[in-house]
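Annotation source TrEMBL lists repeat 'WD' at 50-91, 93-134, 146-167, 235-276, 277-311. Marked as domain 'SAM' by TrEMBL: 332-396. Taken from TrEMBL, the feature domain 'U-box' applies to 403-476.
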Amino acid sequence: MVTLIHTLADHSNDVNYCAFSSSCLATCSLDKTIRVYSLNNFTELPYSPLKGHTYAVHCCCFSPSGHVLASCSTDGTTMVWDTRDGRMLAVLEQPSGSPVRVCRFSPESTYLVSGAADGSVVLWNMQSLKLYRLGNVKDGSLVACAFSPNGNFFVTGSSCGDLTIWDDKMRCLYNEKAHDLGVTCCDISSQLISDGEHGFRYFQMASCGQDNQIKLWLILFADFLGVELKYKCTLNGHSAPVLACAFSYDGQMLVSGSVDKCVIIYETSTGNTLHTLSQHTRYVTTCAFAPCSPLLATGSMDKTVNIWQFDLKQLCAGNTVENESKVAVEDWSEDDVSAWLCAQDLADFVGLFKMNNIDGKELLNLTKESLTNELKIESLGLRSKVLQKIEELRMKMISVSVTIPDEFLCPITRELMKDPVIAADGYSYEKEAMENWISNKRQSSPMTNLPLHSLMLTPNRTLKMAISRWLETQQK
């Protein structure tokens, strides 16, 4: 189930793009501004709107940490902003001065790509904020871009219909005619797909175009094989050009927006349509899933951005829990660890863990010393948070092979409770899960669906002691 929970109507002209970080939503418009909102209550941050572009802003994107925001415009520049105070950090001028249509950070924030209407592609070094590499697509305007999760390559899409794969040295590796009437957007899933026949692991990419189609592709990137792009299937459903597409973090869903004013959410494994949303009154120009919360944003030429919320069962965290039960943590791949980090609100560490090849076995062996000395995580608070989540994972491993008494399971998460509280409905819940339930403006009981006459949560110390005693018996 998908519910419309908020509509933002602050822009005075078409909304061109929206992007999430773990705590914020950014939107940009033909009105020359970028607006930044808190995900806690969708209020605009004090420094918003960001003003500096002299013409329409076409695209905006957050760095993986969320501390930096980039925006690009018809004025031929890509601007870099500090999201903590709204300061402009740099103005990066496209060498040709051509209108910049798209910008993207690499997964480790090493580079920023900007693509322009004249087909020029610039790779900017984010440490020096200087031009690092310059390239060109052979025909058309550059209108789409997406990085692979490991940062080894990125894909661009052009108005002439080509998808081009580049490595991180800006060498063109592959080119494919994908959409006859032009590409409008592309995205790469953060989750790899295994090929059981050959043992290869593929990146999954979606592209959409003026031909009303969304195409799914599989990209094989290997040093000994080079690059291979395989067409997988076409997702139909829109009756007009498709202007935007985006994967959910777990790769299980794909959302698209179209000139037909509709938003369609697909299940990527089957191609089935899960939801069709038709609240916008003009073309849907942009759509984005939040990285670690059950939110979807869609923007339109009707000047609004709609915020949608998914049912708890469709959270990437929920999907991760399901995956945990199927694969032993010791057997997790590096990508399974990345999915787990995102579900634990630790998405900022995905690049660091991938760079150090942290799989399930390595994850369970991490200590305070290895986090400090080997991974160089300097913040005591962040180290403590990572260690706490790893300890919770170890606790789950203790209990996976036994039947947990039902009264020890949180009704919301269906996980063993660590800090049980009693709500006004008389039922006990994991404190964090119930607080999240209430903070998402739910004022009804998760068990009965009746209104809660009070939002007070009382610690259930008796139940907490019973759970502790039960855990001790399991560890003997």
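These residue numbers are counts, starting from 1, taken along the chain as shown.
Backbone N, Cα and C atoms are what each Cβ position is placed from, and that goes for glycine too.
Where the annotation comes from TrEMBL, it is an automatic prediction and has not been curated.
In this model, the repeat 'WD' (93-134) carries an average pLDDT of 95. Cβ atoms under 8 Å from those of the repeat 'WD' (146-167) belong to residues 102, 104-108, 110, 113, 115, 119, 121, 135, 137-140, 173-190, 192, 203, 205, 207, 209, 217, 219, 221, 227, 229, 335, 338, 350-351, 354 of the same chain, restricted to positions at least 6 beyond its ends. Using DSSP to sort the residues of the domain 'SAM' (332-396) gives these counts of helix, strand and coil: 47 helix, 0 strand, 18 coil. Using DSSP to sort the residues of the repeat 'WD' (146-167) gives these counts of helix, strand and coil: 0 helix, 14 strand, 8 coil.
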